[in-house]
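J.: Structure provided below as structure tokens; questions to follow.
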């Protein structure tokens, strides 16, 4: 079957609709799909899926889960290598900003998934949710991974997805939680104090536990190997609690 | 340099300490390390790291970020293939249960990272945090990935890490959020009601928005392509809010 695919013999049996779909996919990935059904599944949003005999709903959501993981790994390596002097907090946060729903959605449209979806469904009859093309993009990456392997997916993500992500712009907005809290407190006219309440470990290894007090009331705590990191950690939780992250 | 590594010539310059470390790593991965310094970095917990000239703290945390992503991708594919009829919610939750801190920590010890760490540091002088070996395991996977690539890491994770994860046992505990809420409500003697407050979309695509009311007060909302999924979604948020997830 694999040889069959490699020689392209399976394409002889493609309907004209399949052929159009296959060339649309080639436009996106640069290579003909080996297993077209994977891509067709990636182009099946949950809202459009039909129930199979066993009551199992077949949609692209499982592929989305897989694609999200592959995308996460590739972006992780890219950031790891691009920023050799930044800590893991920066890397984690930059990645989550890069792969957020809105960004993925607009990239999905840019690389042509909207047009490709229209080859499969009658989109006039279909209103997807807001992140429809982002979800499809992730599912599509899952399909590509299963169809062509990790190296191929990685190259594709780096050359055709990442270029649409405004990495430089994002970095400047990656937040300093502590400064967010302090800014907020100034605006709200509240006092802020970070209190070290515990130091674990010994001379060589330390773990600081810090409590963040707003108007003399503890609102969060955090920990880390340095006081600064513990303060950031506590501030992060406080930002979440106070809804300052949007 | 790569050829140098492949021929093993670099090992001629290893100190006896390096040689012990290299064979300890070979015991874990099955192959001699090509770039020993990556593994040495993986064995540098944040609490033990020293500041470099530029004030940059060198520790295994960046590698941990990378290893976590690689582990996530490999486990995602494994679950995707092992459970062809389970939905993405199940896959997501099973993965997060598999790669939790405690599990990783005990696996880290089981595969020999404790002994390996002792070759690098004097552990009597060092008390790490609770998930020390789990963190090292992830960093170690990051080092293996950079040293040997994705396929090698994948095989290693499937053959030497996953066998220590009690997948079957975990599946039975993967939770049904709605039943958790109902159980809780019965115990606390509260009434629970799920109200569909909105249906978006058209005949072909639907998105349900459901509100969960406890004692006639809305405590969370959720959405999904079916009523059942929207209810699960709302229940999940409620579980988090009520602290029922531990």
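Including glycine, each Cβ sits where the backbone N, Cα and C put it.
A TrEMBL annotation is a machine prediction, not a hand-curated record.
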J.: Among A:61, A:64, A:207, A:211, indicate the single residue that TrEMBL lists for the Mg(2+) site containing A:135, A:138.
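T.: So, going by the record in TrEMBL, that would be A:64.
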J.: So around the Mg(2+) site, A:64, A:135, A:138 aside, which residues have their CB within 8 A of the centroid of those CB atoms?
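T.: Other same-chain residues near the Mg(2+) site: A:60, A:61, A:63, A:65, A:67, A:68, A:104, A:134, A:136, A:137, A:139, A:142.
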J.: Cβ within less than 8 Å of a chain B Cβ is the test here; which of the binding-site residues A:64, A:135, A:138 meet it?
T.: A:64
J.: Which has the fewest other Cβ atoms within 10 Å: A:68, A:135, A:138, the recorded positions listed?
T.: A:68
J.: What is the number of other Cβ atoms found within 10 Å of the Cβ of residue A:64 (Mg(2+) binding site)?
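T.: Result for residue A:64 (Mg(2+) binding site): 23 other Cβ atoms within 10 Å.
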J.: Tell me, roughly as an integer, the mean pLDDT over the domain 'RNase III' (A:14-149).
T.: 88
